[in-house]
Amino acid sequence: MLTIADHEFSSRLFTGTGKFARPDLMAAAVEASGSRLVTMAIKRLEPGKRHDDILTPLLALGVKLLPNTSGAKTAAEAVFAAHLAREALGTNWLKLEIHPDPKYLLPDPIETLKAAEQLVKEGFVVLPYCGADPVLCKRLEEVGCAAVMPLGAPIGSNQGLVTRDFLAIIIEQARVPVVVDAGIGAPSHAAAAFELGADAVLVNTAIAVSRDPVAMGRAFALACEAGRSAYLAGLGARGLQASASSPLTDFLEAL
């Protein structure tokens, strides 16, 4: 079980809701993945927009909703969006996203820290999407964030753990859960994040744009379980020199 703030999750795979062809396909993929925490953009909560009703199928699944502030370019915009989400969904949980650059969608560290500090004081459970910066992640932890969500690679890029070495430092130093978010494009990437010691991963694009999102959701669930189990079991040390698994020295000397 994974505990974030006051909530326990039976799955360490968190999922998103964007880029799916249909809401029912999104819901089926989420169910197949076993995910119990699902993030959704606040800007998609438009009353009367029935053709993009993602809320109803998610509520039917009984998952915990994590509204995000995607689209916010400043701390002020993110705080405003957070208030809207709390009013609309009745939750104080929030994935904080502030990325002013529309091309690479890299998070703004200064505005993110500023918004996080204010939102924590207002009683929000803040999970900030941020760069793989160990210093920033520690600062976010210190201001009261319930978890940190450093990126593996730019959003939707499917590049995997480009920031692997920095993620390892963040995981080593963190006293709150570390959720690797963004850039995870294959189940093997998710497994690698868990092998590093990550507490959870968030996956959206890789599932949503696959030929079979339901099957891909299931594949990610299996990969997350495998990676986590490998981490707990203890991976063997890497080395440049060979080490025979079945030495024959005694046998050969006896001939």
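Each residue, glycine too, has its Cβ placed from N, Cα and C.
These features come from Swiss-Prot:
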type: ACT_SITE; residues: K95; note: active site, schiff-base intermediate with DXP
type: BINDING; residues: G156, A182, G183, N204, T205; note: 1-deoxy-D-xylulose 5-phosphate binding site
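The two recorded residues, N204 (1-deoxy-D-xylulose 5-phosphate binding site) and the residue listed as 'active site, schiff-base intermediate with DXP', show a Cα separation of 14 Å.
In sequence order, Y129, L151, G152, A153, P154, I155, G156, S157, L202 make up the list of same-chain residues 6 or more apart from A182 (1-deoxy-D-xylulose 5-phosphate binding site) whose Cβ falls under 8 Å from its Cβ. In this structure the residues listed as binding 1-deoxy-D-xylulose 5-phosphate are G156, A182, G183, N204, T205; their two most distant Cα atoms lie 9 Å apart. On the backbone, the CA of the residue listed as 'active site, schiff-base intermediate with DXP' and the CA of T205 (1-deoxy-D-xylulose 5-phosphate binding site) stand 17 Å apart. In this structure, the binding-site residues under consideration are N204, T205, and the one with the smallest number of other Cβ atoms within 10 Å of its Cβ is T205. Summary of the 1-deoxy-D-xylulose 5-phosphate site environment: with the site residues G156, A182, G183, N204, T205 set aside, the chain residues having Cβ atoms within 8 Å of the Cβ mean position are G16, A153, P154, I155, S157, N158, D181, I184, G185, V203, A206.
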